[in-house]
Every structure is written in structure tokens, then in C-alpha cells.
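*Asks:* Feature table excerpt (TrEMBL):
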BINDING   Arg196, Lys197, Gly198, Lys199, Thr321, Ser535  CoA binding site
BINDING   Gly397, Glu398, Pro399, Asp421, Thr422, Trp423, Trp424, Gln425, Thr426, Asp512, Arg527, Arg538  ATP binding site
BINDING   Val549, His551  Mg(2+) binding site
DOMAIN    33-86  domain 'Acetyl-coenzyme A synthetase N-terminal'
DOMAIN    93-488  domain 'AMP-dependent synthetase/ligase'
DOMAIN    543-624  domain 'AMP-binding enzyme C-terminal'
MOD_RES   Lys624  N6-acetyllysine
Amino acid sequence: MSAENTSIDHLLTENRRFAPSAEFAADAVAGAELYEKAETDREGFWADQSRELLHWSTPFTQVLDWSNPPFAKWFADGALNVAYNCLDRHVEAGNGDRVALLWEGEPGDERRLTYAELTDEVKRLANVLADLGVGQGDRVAIYLPMIPEAVASMLAVARLGAVHSVVFGGFSADSLRARIDDAGAKLVITADGGWRKGKVSPLKPAVDQALAARNGLGEQETVEHVLVVKRGENEVDWFEGRDLWYHDVVPQASAEHEAQAFEAENPLFILYTSGTTGKPKGILHTSGGYLTQAAFTHRNVFDLHPETDVYWCTADIGWITGHSYVVYGPLANGATQVLYEGTPDHPEPGRWWDVIQKYGVTIFYTAPTAIRGFMKQGRQIPQARDLSSLRVLGSVGEPINPEAWVWYREVIGAGKTPVVDTWWQTETGAIMVSALPGVTETKPGSAQVPLPGISIDVVTDDGRPVGNDAGGLLVITEPWPSMLRGIWGDPERFKETYWDKFADQGYYFAGDGARLDEDGDIWLLGRVDDVMNVSGHRLSTAEIESALVAHEATAEAAVVGASDETTGQAVVAFVCIKENYLRAHSTEGLVDQLRLWVGEQIGAIARPRDVYIVSELPKTRSGKIMRRLLRDVAEGREVGDTQTLADTMVMSVISDQVAKK
Ligand code: WT7
């Protein structure tokens, strides 16, 4: 059977069902009783999970405090140390020799760190950070490639009760600066560079730029030190007094460091994500509730058997998936995992499958965009490797189309592994909707059911449940342990963005459209706001528009997310150029310049796939840009209703201009 053959895709879609094998179910960590327990006593269920999965230095007696919604507190009178939970306690339990990280660099170099070794590294680093003045509540920015030091840095910051803000290495100096400023970071941990697609991609120069006076901003004022890991061996500038080499200070530091317990609501990290406005939001997560749900979901959704499994999540630590399912969930559970530095297709397209074969990966978690990319290359590439160790496959980041889901199961999972499609967000902190691999009969294309202890519904615009076989908006109807505690420095925006829409019902509005099928299973339909999802990464139309408008040639710009076969959505920009520029430059030259410019302003991921130079943008009489119509053009559809446009001719002009390109 060939799932690549789209003609049979229709036959494979909604009607296919895959029940867990009796063998898998018999050995599964999670059984159906979890749903019953959570149903009977939701808070009691989470309290039990938390006590079972974590070590509390001061046990909690309160579970949820929802007296001041939407500001939740979970396990508020308890105290714990997050890093102790991810490291020391495994060593103390006699598992110090278990491998924590099986690291593979892109050039093929390797490092293995046991739990004892990683604990040691984190203790030394914690001592160094403390000496540099980092203490409880201080913010530390982390801008690193996927190397063991990245994991160690997050844990060392957590160990001190400080707050990390990881910035994806693909973000530009400007994006980094905005994040460092917003959080008021005291220290930056970076590397000279990291390996990407066979080359060293420099990082330290971006940090130098971010901290310098530039673009109308003065010199950055809160950062006192920059700690630099040597990885790329690329030349870097050095600022005596500010910059320190990691290898000069960490190995020499003491490996004695006793973890102090912090209250459950002590902030753990800020992670910036795009919203509907130009300014990224600093999503704030705290300690006890976050770690509880990260550990619970990692264990149950992936059926983790820490003694025998080799787990691999391909996400970068710069995204929430890297936080919850590379760092906190797996390490809290004492898992052995692969950490890989590079891209999927370097030096050749089978690299990921080589990694799976080499390390005997049993649980694999990746994004639909990667799966669709592999489908395009053809099944012979994975089939030339031994992938028989795999037993659970996960998907995250965007809806996975049934065709890709089935290909994943058939080709990567040998037609036998459960596939779990996990829906969640930066804001939810951990997985919210997913099958349980030993319990649920899976359905390609549907994320299916809320996890035990999670309450989700699909409602109309005014908050009424749509019921089965209908579509609407996805809402979370009860607080959950790993929920965001706010937007850094902006409580009003937190309320406005997530809680105002369904204030009467007290629901959290996720920003996703969804449908319940006749069985009540959830199908995610994509964002309902001006947020795009490109390769599972969230991008804001407004943010890219403001970058485009900041270019001196641009008069006006509109950005839409157009569906794309591989990346889910792609960034498509419509730009009006100032007359004098239009006369002086070629269209191709301007298009190239603008694409590069967006890359510099935000990062390469935000670079538009297409830039169309147009003479006008479609607007309503009140001046609102009608992006819906531009999306029609970008996706090659017939343009929808243009009656509300101030000038109804505009769209035919734009269609002509796009067609000519
Ligand atoms: C948005 C959150 C969760 C980590 C990666 C992205 C979309 C996420 C799924 C899924 C359909 C999904 C949603 C969501 N999304 N997972 N399994 N099926 N859509 O985190 O950057 O915070 O983006 O990603 O639209 O709102 P994020």
C-alpha cells in the first residue's frame, strides 16, 4: 500500500482506526483508569500525580488556588527545586550511571553524559552563575545551539531559582535585543557558533550586536556578563570584563552545590512567542505545576519506560517543545535521550534515520512539516535503515494530515507503532490533547481527546458548546497545572488575549479553530487569528508587516499565511513600494532585498516565501486591510467577496500583478 499515492488518500482518511495491540496495551504505563480518576476528582488527580512524579522538599497541602482568576496558583504552599528533580534525585536513587544525553553534533562528533555527569556539570555552572551574581528571580538569556551546555544552562538557572529566557539561535540580533530588554536579563549564555547545514553559524556576533548601541537604541543596560561556550571555533570579538569563556570558568568551579527549594510558584522561565500584534509576548511559566504536567504527559503520552527506552524529540530548545520535551519532562522522568545539533538532511537526507538506527531510538517525537518533507524524498531513504527499535511516534506543532499520519505509521513505524498527535501551545506549557498510546484507538488526522485532568471544549463565538459533528473555537474550560501564569510585565495583555473573549464562562481562548466529529474527537483546524504556523513555528503577520514597513523602500505591506504542501503555511507578503524606489530598482532586486531584510529583522524563519510588489492593498472603507482576499490570491483560488472593499477594482489589479510574476 502506498500512502504517497494521493489517489488513495481519501480511502485512508477518517475511516481508518488503529487500536493498540494487546501486547502494547499490556505493558503500557497509562491505562484507562487515569480518565476515571481524573473525572471523579480532578484536583486530587493532579495532586496525586505531582506527589508521585516529583520530589517536594516541602510537601504541598493546597492544590489549586483559583481565587483570583485568571491568575492561578498550583501547589502554592509546597516547595521544590526543579533541577534537583531533574538530576540529583536520580543519582541519589542509584541511577547516576544511566545516560541522560546521547548527544550527536552535526559534523558527527559525539558526547554521552550520564545523570551523574550532567548533575556535576550543572552544579559547577550553578556555582559560576551564582558568583556572577545570578540569584532567585534574576533573568538569564540563553542563545545556544543544541549542545549539552544548552540543557545544562537551563537547569543551572533553574537550580538557582532564577528565570531563563531561551532565544532560538535562528533569531536575529534585533529579536534577541528585544527579548533581552523586555526581560531585563542580567546575563547571556551563548556560544561562538553552532553547526548548521555543514557550516558554522555564528551566534556570539549576534549577541555583540544585540548589546551594542544600534538602530536608534542605546547600549543594552541590564546585561553584565556574557558566558561563551566554544563550539564553532569561529573567530569572535572579545569584550574584556564582560565576556567569559565557559571552558575557562566552569570546569574549574566546585561541583558541590546544594539545591535550595523554592516555592511552587517561583518563576521558571519566560519564552517569547508571537501574537496578533507586532510585539512578541513573554509567556511566563512557574515551577511546581509546570514540572508536574511536563513529567506526567511525557511519561503517559509517550509510554516512557525510563530503564529501557531511548527517547528522541527533534525540537530545538528555543521552542516550548524543547523546554517541556527535551529538558524538563524527560529529565524529570529520568529518561535517556538523544540530543542532535543539526538539520534533518545534513550531510544527506537520511541523517535522522541514521541517528535512530545508531542509538536504537524507541520513542520519536517530531513535527508534521518534517514528516511531509521526508514523504517527498521517498520511502526508500528511511527503508534503507533499520528503524525496528521504534515503538511510539509523536507529532506536534500543526495539524497532521491523514496522509502524512498514515505514512509516518506505515513507513517509519513499520505499520505497528501507535502515533500520537499532540495538541498544545507555548501557553499551555505541556500537552493537552492527545491519544494515550496503550488506551486510545487512534484516528489519523485527529488529535482526539483531552488528557486526563484536562477540560477542553469546542464552542460558538458566544461560548456555547457546539456539540458533536460541528465546528467552532477551542477553549480550555478549567485551569491546568502547567498553564501560563501571565505575560511578562503585562497582566492586562494576558487577560485581553486569552480570557476576555469568554469572560462570562471563564474559559481560556486558545486561538485555534476546531471540530468535534461524531465520536466527539477533536480535529484542529488552524489559527483563527492573524497568527501563522510555518513548519510548526508560530509567526505573527503583524510582526512581519512591521519589519517590512521598517524598510525604507516600503510604503505599505500586508502579510498572509498561505497553505504550503511542506511547511503547512508559508509567509506571503504583498508590498507597496515608494515611487522613487520603484523607479530606481528592479522588482527582483527589491524582492530579494525585502526577503533578506525580514531575515535580519526577525530571523530566517520569518523570511517570506513570496514577496509580491503591488500598487495597492485591498482595504475596507474604514481602512482595514482585507487579508482574506490576499490569501485567496496567494493560494491561487478565485478571489472571494470583494463588496466591502473601498475600491472593488483593487483585487483584479493585484491578481494580474501576481499572475505576471
Ligand atoms: C499552536 C501553538 C505546542 C508546541 C509547538 C507549537 C498549533 C500545535 C498542534 C497539533 C494542530 C497544533 C496550534 C497552536 N498546534 N500542535 N497537534 N495539531 N495544531 O507551539 O508555537 O505555541 O504554537 O500550534 O495552532 O495554537 P506554539
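Cβ atoms are placed via backbone N, Cα and C, with glycine included.
Curation plays no part in TrEMBL annotations; they are all automatic predictions.
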*Asks:* I'd like to verify something. Among the recorded positions Lys199, Pro399, Arg527, Ser535, Val549, Lys624, which ones have a C-beta closer than 6 angstroms to some atom of ligand 1?
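*Replies:* Pro399, Arg527, in sequence order.
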*Asks:* Residue counts in helix (H, G, I), strand (E, B) and coil for the domain 'Acetyl-coenzyme A synthetase N-terminal' (33-86), per DSSP?
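*Replies:* Helix/strand/coil tally for the domain 'Acetyl-coenzyme A synthetase N-terminal' (33-86): 25 helix, 12 strand, 17 coil.
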*Asks:* Within the chain of Lys197 (CoA binding site), which residues six or more apart in sequence place their C-beta under 8 angstroms from its C-beta?
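*Replies:* Those within reach of Lys197 (CoA binding site), by Cβ under 8 Å and sequence separation of 6 or more, are Glu106, Gly342, Thr343, His346.
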*Asks:* What Cα-Cα separation, expressed in whole Å, is found between His551 (Mg(2+) binding site) and Arg196 (CoA binding site)?
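*Replies:* Counting only the Cα atoms, the answer is 28 Å.
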*Asks:* So, three-state DSSP: helix, strand or coil for Thr321 (CoA binding site)?
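*Replies:* The three-state answer is helix.
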*Asks:* Could you check which of the recorded positions Gly198, Lys199, Thr321, Val549, Lys624 is the closest Cα neighbour of Pro399 (ATP binding site)?
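*Replies:* Closest recorded candidate to Pro399 (ATP binding site) by Cα: Thr321.
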*Asks:* Do me a favour and check the Cα-Cα span between Arg196 (CoA binding site) and Lys624 (N6-acetyllysine); whole Å is fine.
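*Replies:* A Cα-Cα distance of 41 Å.
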*Asks:* Within 10 angstroms of the C-beta of Val549 (Mg(2+) binding site), what count of other C-beta atoms is obtained when all protein chains are considered?
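*Replies:* Excluding its own Cβ, the number within 10 Å is 14.
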*Asks:* How big is the gap, in Å, between the Cα of Thr321 (CoA binding site) and that of Trp424 (ATP binding site), rounded to a whole number?
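*Replies:* Pair distance, Cα basis, whole Å: 9 Å.
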*Asks:* With Arg527 (ATP binding site) as the reference Cα, tell me which of the recorded positions Gly198, Lys199, Lys624 is the closest one.
*Replies:* Lys624
*Asks:* Taking DSSP states H, G and I as helix and E and B as strand, how many residues of the domain 'AMP-binding enzyme C-terminal' (543-624) are helix, strand and coil?
*Replies:* 31 helix, 28 strand, 23 coil
